[in-house]
Amino acid sequence: MDKINQTFVSEFLLLGLSGYPKTEIIYFALILVMYLVILIGNGVLIIVSIFDSRLHTPMYFFLGNLSFLDICYTSSSVPSTLVSLISKKRNISFSGCAVQMFFGFAMGSTECLLLGMMAFDRYVAICNPLRYPIIMSKVVYVLMASVSWLSGGINSMVQTSLAMQLPFCGNNIINHFTCEILAVLKLACADISLNIITMVISNMAFLVLPLLVIFFSYMLILYTISRINSATGRHKAFSTCSAHLTVVIIFYGTIFFMYAKPKSQERPGEDKLQTSDKLISLFYGVVTPMLNPIIYSLRNKDVKAAVKYLLNQKPTQ
């Protein structure tokens with residue numbers, strides 16, 4: 001009975017930046033502002049992609065999905081992070097931690113696949129423009145997005161279930177802002193080999209494969225663009241991809257650093273490294289979703305035109 005009681009944890013304690021009280025105030029203000037930008041920026045992109053008929057194309061359909069995903073991802077963790085920073089309420093229930101972990105991992109997995117789908121869309125648009133309406137029909141791109149969401153959800157369900165069924169032996173202090181899966185695995189007092197194996201498989205399926213699709217799509221795109229005689233034509237063709245390529249670099253740069261090499265144990269003398277990991281996770285979790293609508297709106301004439309059109313519309317009497 002004592003052994004069972006030691007393995008049961010009813011809640012977790014999120015440390016965050018508890019050792020830096022002055023820094024917490026600064027981070028609260030920064031995260032709050034960035035969260036508002038995320039909600040407004042991505043919300044605007046969703047609205048214009050729905051109500052402007054000129055944006056009823058596969059690219060903007062995927063962009064609307066990406067914006068909705070960013071809102072869901074940040075809303076699953078940022079509000080609780082803000083509360084913990086301002087009120088010092090750092091505890092989260094076991095079920096709440098599981099839900100937060102599920103949504104975080106699901107949204108990350110889905111975004112990887114969506115970015116791959118968007119790269120394929122750009123490849124077809126530039127390399128096979130005449131067949132683009134046939135290849136990327138509405139049925140096809142809706143199915144592609146649906147598969148991305150479903151696959152991300154299933155992957156997260158597997159990873160979350162495996163992580164939350166582990167015994168924690170009363171150790172409930174998570175050295176992180178949120179119930180991030182790698183931080184939770186460090187608390188386990190049992191063998192996590194199965195978790196590591198499944199996470200490696202997940203990394204291959206949701207990180208490496210979409211990245212390969214992106215890489216080969218852009219290799220073919222660059223080859224096609226290089227064969228365009230007009231400098232104006234080359235610039236116009238590449239400008240349709242520049243925003244997506246920028247988002248891919250930011251997204252994969254941070255997520256590969258975090259998840260490409262799962263860490264199973266916490267070793268002494270790594271406090272600075274752990275703080276660095278937490279801040280990088282914060283960058284991935286808040287800054288990247290904030291930059292997405294900014295990048296797409298600044299580097300995309302269609303989006304800017306759609307936003308101006310909606311803002312200039314007068315209400316009907």
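Cβ coordinates are placed from backbone N, Cα and C, and glycine is handled just like the others.
Given the structure is predicted, the values throughout are model-derived calculations rather than measurements.
Straight from TrEMBL, the features:
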type	residues	note
DOMAIN	41-296	domain 'G-protein coupled receptors family 1 profile'
TRANSMEM	25-48	transmembrane segment
TRANSMEM	60-78	transmembrane segment
TRANSMEM	98-118	transmembrane segment
TRANSMEM	139-158	transmembrane segment
TRANSMEM	204-225	transmembrane segment
TRANSMEM	237-259	transmembrane segment
TRANSMEM	279-298	transmembrane segment
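Across 25-48, 204-225, 279-298, stretch 25-48 shows the highest tally of CB pairs under 8 A with the transmembrane segment (60-78). Here the transmembrane segment (204-225) does not touch the transmembrane segment (279-298). Their Cβ atoms form fewer than 3 pairs under 8 Å, with each pair 6 or more residues apart.
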